[in-house]
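Encoded as structure tokens, the structure appears first; notes follow it.
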Amino acid sequence: MPSGSHWTANSSKIITWLLEQPGKEEKRKTMAKVNRARSTSPPDGGWGWMIVAGCFLVTICTRAVTRCISIFFVEFQTYFTQDYAQTAWIHSIVDCVTMLCAPLGSVVSNHLSCQVGIMLGGLLASTGLILSSFATSLKHLYLTLGVLTGLGFALCYSPAIAMVGKYFSRRKALAYGIAMSGSGIGTFILAPVVQLLIEQFSWRGALLILGGFVLNLCVCGALMRPITLKEDHTTPEQNHVCRTQKEDIKRVSPYSSLTKEWAQTCLCCCLQQEYSFLLMSDFVVLAVSVLFMAYGCSPLFVYLVPYALSVGVSHQQAAFLMSILGVIDIIGNITFGWLTDRRCLKNYQYVCYLFAVGMDGLCYLCLPMLQSLPLLVPFSCTFGYFDGAYVTLIPVVTTEIVGTTSLSSALGVVYFLHAVPYLVSPPIAGRLVDTTGSYTAAFLLCGFSMIFSSVLLGFARLIKRMRKTQLQFIAKESDPKLQLWTNGSVAYSVARELDQKHGEPVATAVPGYSLT
């Protein structure tokens, strides 16, 4: 076909597509009305408790199973005749991949559905565990048990946690406490069961059975019924337009370079809208705080038992300390969530989170002075309780900053930020122990890291409140009839009286004032 007729054919297709847009606009308006009819407030119960149960099982099948992988440590080391460092990489890889790929889980959940994401993750995790039962080398386990299983867990973990936040508002902290207690309860139950399976069926049989158990993630995914909330920052019209734009992109992108450029622009706009919270100053501060918090919390679970042994505690008593820490962690998950949902603390959940992180940091600072079992038992109780407390409030604090709509994507980023500290903090602590000959420097560094995390968030919140108070004072001084609002950089004063013609408030910039 001549080039001129080719251009004419392409042009006619584009013109036809453009002529169809008015009809599509009517369809979009109709769908927007349907979406508005379906939107609802968080039910704070009902099917929400099934979502909590599903998330509880997800945390058992992901975080508890990950913790139980350490039970295979001696079996892997003996069978493959490898040293501690090589064998320890298995646990580090699965934990790191789970956190690193958490944003991928959010993307799949947002663009397909939470149900599809969790079911797909369950299939991948189960496949990884089953293939691991046929491993012939540690490198095989790095790929199957580490990467494949970790990727499956990542697709399940953050979407399930985000779904709880969509179904609860008044009792959100309690719901998260119950859901995330699955990690501690699952470890408490699965640890002896996995040890029994290894004794009865060898490590290969135990991994095969765990692979079948993890398939329950697919059942959990089926429980995650989607819900549309009234308070979502993106309106139903915006959501439908974004979906329709993606369909249009697939339909017209082959026709011309112009439509390809338009398609890329639309995709960038959709992604920019989904991750717009990354530009929020509050979220940036939270992200930095999470890095320091994650660095501090990890080494204790690796070095508490060795430290107890170094101060003269027996092997059985040292293991008992870890059991205490795990059980109290569960209590902290549930009770602290319930307490912060009470009316007297409901508006101070952010402060409660800071308090819990700071208390764990103080426990670290006291640990080098505790050199007997009667002193280490109260330490395990205190650290375990506040560890469970702040883990419960991480999604609550994230919701307060970014809102419910962006919660899944934001949690993906927050858990992604845990990955590198989880990977590097135990080796750094070990190097400090080897260099100094004691655990003091390692524990002090972890303690100051967690305290800095708490102080940083608290200081940022204090500055934000001082700024808000100052802006309100300026507005009242300039004109008592004016109300103040801000776009993040420039302060505006808005008259309470509405314009009679258009029914819209009149906004004028506050002279001589800027937030930056």
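Backbone N, Cα and C atoms are what each Cβ position is placed from, and that goes for glycine too.
The annotation topological domain 'Cytoplasmic' is assigned in Swiss-Prot to 1-50, 461-516 on the grounds of sequence analysis. Taken from Swiss-Prot, the feature transmembrane segment applies to 51-73, 88-108, 116-136, 145-165, 178-198, 207-227, 283-303, 319-339, 350-370, 377-397, 410-430, 440-460.
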Which one, 51-73, 178-198, 319-339, 377-397, 440-460, has the most C-beta pairs under 8 Å toward the transmembrane segment (350-370)?
440-460
Selected stretch (most C-beta pairs under 8 A with the transmembrane segment (410-430)) from 88-108, 116-136, 145-165, 440-460:
88-108
Feature contact check the transmembrane segment (51-73) with the transmembrane segment (178-198), CB under 8 Å, 3 or more pairs:
yes
Short question: most Cβ pairs under 8 Å with the transmembrane segment (145-165), which of 116-136, 319-339, 440-460?
116-136
Quickly jot the same-chain residues contacting the transmembrane segment (116-136) by Cβ under 8 Å, restricted to those at least six beyond its ends, or write none.
58, 61-62, 105, 108-109, 144-145, 147-156, 159-160, 204-205, 207-208, 210-212, 214-218, 220-222, 224
What residues in the same chain, six or more past the boundaries of the transmembrane segment (88-108), come closer than 8 Å to it by Cβ-Cβ distance?
62, 66, 69-70, 72-73, 76, 116-117, 120-121, 138, 141-142, 145-147, 149-151, 153-159, 162, 408-409, 411-420, 422-423
Where else in the chain does the transmembrane segment (51-73) make close Cβ contacts, counting only residues six or more beyond its ends and a cut-off under 8 Å?
87-88, 90-91, 94-95, 98, 118, 122, 125, 145, 153, 156-157, 160-161, 163-164, 167, 175, 178-187, 190-191, 194-195, 198, 203, 206-207, 210, 213-214, 216-217, 219-221, 223-225
